[in-house]
Amino acid sequence: MPSTRTAALAAVLSSAASVVAAFTSPAVTSSATSKKSTTSIYSTVDPSVVTKKEYQDICGVDFDDRSMQDRLRKTSYLYPKHVEVIEDFEPLVNQMVDDILLETGEKAWQPQDYLPDLAADDWLQQTKDLREAAEGIPDEVFVVLVGDMVTEEALPTYQTLLNTFEGCDDPIGTTDSAWAKWSRGWTSEENRHGDLLNKYLYLTGKTDMRAIEVTIQHLITSGFNPGARKDPYRGFLYTSFQERATKVSHGNVGKVAKDYGAKDLQRICAKIAGDEGRHEKAYQSFCTEILKRDPDGLLMEFGDMMRGQIVMPAELMTDGKDAQLYENFSAVAQRLGVYTAIDYAEIIQHLVDHWKLGELTGLSPEAEKEQEYICRLPTRYKKLAERSMNKKKDDVVELNSFSWIFDRKA
Ligand SMILES: [Fe+2]
Ligand SMILES: [Fe+2]
C-alpha cells in the first residue's frame, strides 16, 4: 500500500510540475538573466513598442476583455452548492434590480431634495427654519441620529462585504451580472442615507462635526465582521435582518423628531426608512428563493448564526475617547425606544413568519432541529427582553457624555 501511495504522489507531483511548466512562458523563464526579456516585460504597457503577439507571449495568455472577465470569475468556491443555488435565481435578481431599486439620475430622490438650497435667494431663511426646528430636539435624539448616521457613513465597509459573498461579487467593478448590478445599485441608494443625515446634522449646528468625522474614519478603518464567512446564504440572512433593523430605527427616530416638532427631520428619516424597507423586501425574497431550493442549507446557517448574536454594523465605532461609545449609544437608543431588545426579538419573529419556517417539511433531521430552535427563539428573546427592560425601569438612568454633542451628557 505505501508503495502505491508513493507512486501516486510521484505522479501527482510530476503532473503538477508539467502544469507549472505549461503555464510558464519561455519569455518569463529566460528573463532572469536576459537583458532583452527584462526590457520586453518593462515595455508591455506601451502598445506602440510591443505587438499584441509579443504581449501574449510574455503573459502566456490572451488578455482580451472577454478572457480577462472569465479569468477573474472565480471557479472554485468554499460553498459551491450555495453559489449554484443563488445563480439559479439570477433572473429574479435582475427583476429586483428593475422593480425594487429606484430609477437613478433625475427620477431618484436625492439628499438635496430634503435640505435647504444654499444656492437659492432665500437660502438663509431656509437654513434658519431648519435650525429653529432643530432647537426643539433634545440631545439624546441627536446622539441616536449621529450613531445612525455614522453607521450609514461606513458604507464602503458594507459594499466590500457584499463583494465577499461568493457568487455575487463584482470582480471587474462593472460586471454585467444581475448580482453585481444589484450590489452597485443597492450601494448607490444607501449612499444617500449617510449623505443626507450628515448634511442635516451639519446645518443644525448642534453637533460636533469633527468628533463625528473622527468616529466615521475610525469605524471604516476598523471594519466589521457579520460572520457571513463569504457565504451568500449567511450574507443574505444577515442583510434580511439588518435592513429591517435600520428601517425600524430610522422610522422611530422620525416619529420622535415629529414629537419635538422637527417635521423636516421626520421627513428625512421616513424617506431613509422607506429605502431600507425596499431593500429588506429584496433580501428577504432572496432567502425565500434559497429556501425553495435548499431549505436544509439555509436553516443550518440561520441556526448557526442565531447561536451568536446578530452583530450590529457599527459595533466597532469609537471616537478615540469613549471606550464604551457603542454601548453608550445603544443605551440611549434603547431608552428612547428607537431600537430595543424587543425590536430584535420582533425582527426574528418577522423573519420566521415571513419565510413560514415553522411550516417547512421534508427536512433532514439536523435541519428539523434547527427549525425547532429558530422558531422558539423569538418568544424566548421577547421574554428575556421584557424582563431586562422591566428591571431597567427601576434603575437610575446613568447619563454619559458624548463627544458628538460637545461632551454634553445624554
Ligand atoms: Fe441605509
Ligand atoms: Fe440599508
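Keep in mind that glycine also has a Cβ here, set from the backbone N, Cα and C atoms.
Summarising the annotation, TrEMBL assigns signal peptide to 1-22.
When secondary structure is read from DSSP and collapsed to three states, E276 (Fe cation 1 binding site) falls in the helix class. Taking the Cβ of E276 (Fe cation 1 binding site) as centre and 10 Å as the limit, one finds 22 other Cβ atoms among all the protein chains shown. According to TrEMBL, the Fe cation 1 binding site annotation covers E152, E190, H193, E276.
Just so you know, the Cβ of E243 (Fe cation 2 binding site) picks up 23 other Cβ atoms within 10 Å once every protein chain is counted. Under the three-state DSSP scheme, E243 (Fe cation 2 binding site) falls in the helix class. What TrEMBL lists as Fe cation 2 binding site is E190, E243, E276, H279.
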Where the criterion is a Cβ under 6 Å from an atom of ligand 1, which of the binding-site residues E152, E190, H193, E243 meet it?
E152, E190, H193
Sparsest Cβ surroundings (other CB atoms within 10 Å) among the binding-site residues E152, E190
E190
Rounded distance in angstrom between the Cα atoms of E276 (Fe cation 1 binding site) and E243 (Fe cation 2 binding site)
5
Whole-Å Cα distance, E152 (Fe cation 1 binding site) to H279 (Fe cation 2 binding site), is 14
Integer Cα-Cα distance in angstrom, E243 (Fe cation 2 binding site) to H193 (Fe cation 1 binding site)
13
If you draw a 10 Å sphere around the Cβ of H279 (Fe cation 2 binding site), how many other Cβ atoms fall inside it, taking every protein chain shown into account?
23
Calculate the distance in Å between the alpha carbons (Cα) of E190 (Fe cation 1 binding site) and H279 (Fe cation 2 binding site), and round it to a whole number.
9
